[in-house]
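**Student:** There's a structure below that I have some questions on.
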Amino acid sequence: MCAQVWLLTDRLIREDYPQVQILRALRQRCSEQDVGFRAVFLDQIAVTVVGGHLGLQLSQKPLTTFPDVVVVRVSTPSVQSDSEITILRHLEKLGCRLVNRPQSILNCINKFWTFQELAGHGVPMPDTFSYGGHEDFSKMIDEAEPLGYPVVVKSTRGHRGKAVFLARDKHHLSDICHLVRHDVPYLFQKYVKESHGKDIRVVVVGGQVIGSMLRCSTDGRMQSNCFLGGVGVKCPLTEQGKQLAIQVSNILGMDFCGIDLLIMDDGSFTVCEANANVGFLAFDQACNLDVGAIIADYAMSLLPNRQTGKMAILPGLASPREKNEPNGCVSAQGVAESVYAITNGSTSSESEPELGEARDSSVKTMGAPPAHVAQAWLQH
């Protein structure tokens, strides 16, 4: 029986750069290796229990065989346990190997849930408070007093650096109360001053660090996200930083992810966030990588009678030039040098006004013309 691979995503994000790149790479590899391939939208699937047995319908047609591996790309800020996660759990119970698994995605869709999972494992994290009720933000102002000021305030379901505030003092925090959405809880987090406006994005695939990027704010704001106008540059990471990112990925059970590390004065790191549906346009550009292809190779390695994912992706991760580069430490001096490089042309930006153009340019370079993207999703 022919092995099958699916790429499963939301129709609304199908034309985003990561989905296009993974689609291209999976289709190519499945064609070359005589493996069945489908690109599937979540809204095409119906899950069934008939006669006490699990079943699956695709576009209203019952399936008699199921995919061996499913690469999942869902918009984590909007993921709901009674909709998207229900479908993912069903596929997993049918014996499909999901990349990432539903529990791993759940571990990351709420920022406080991530910290709950990491707690007790010796992972360095900023002290963090949160609450249960959606209307309890104002009640937490006094509770969060031990964190000191300024204090970081984040939506537990925020993404791309949105819904993040830095409250200068208690009065400022009270003012923020009138600005926040009250449909999700917020968290209050100790401010890491030395990492203001900068962090390290580390991408992990199959339990291995494939690259790291220094992200820097260009307007003085605390968030360094490229989506908000920050810029990124390839940045070597210490062994301690790599092991921390891998540890976080393993604890959360993720096959591929982005780990954001804050930089301490002594060169050590503390974990800021983990992303199960990591974007990688700016990362590909800064690090000269094709993360979509690496994810596809890892997914193919999980098919029956294949090598383990770890063995399969080791040989091609670094180019000869990258292999000869020193594995330098991200220190205060290293950060300063990287920022200087950023401001002198070695930049990658994912700010909103340029995102569409950057995405289209990159997709053309990688071999998937944007005009044909929608049609590509219809070719099963």
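In case you wondered, yes, glycine gets a Cβ from its N, Cα and C as well.
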**Student:** According to Swiss-Prot, Lys154, Gln189, Lys190, Tyr191, Val192, Lys193, Glu194, Ser195, His196, Gly197, Lys198, Asp199 bind ATP; identify which of Arg168, Arg215 is listed for that same site.
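**Tutor:** Record check against Swiss-Prot: ATP site with Lys154, Gln189, Lys190, Tyr191, Val192, Lys193, Glu194, Ser195, His196, Gly197, Lys198, Asp199, extra candidate from Arg168, Arg215 is Arg215.
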**Student:** For the domain 'ATP-grasp' (115-300), what's the mean pLDDT in this predicted model?
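**Tutor:** Averaged over the domain 'ATP-grasp' (115-300), per-residue pLDDT gives 87.
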**Student:** Nearest to Glu273 (Mg(2+) 1 binding site) by Cα, among Lys154, Val192, Arg215 (binding-site residues)?
**Tutor:** Lys154
**Student:** Does DSSP put Glu273 (Mg(2+) 1 binding site) in a helix, in a strand, or in coil?
**Tutor:** strand
**Student:** Fewest neighbouring Cβ atoms within 10 Å: which of the binding-site residues Glu194, Asp260, Glu273?
**Tutor:** Glu194
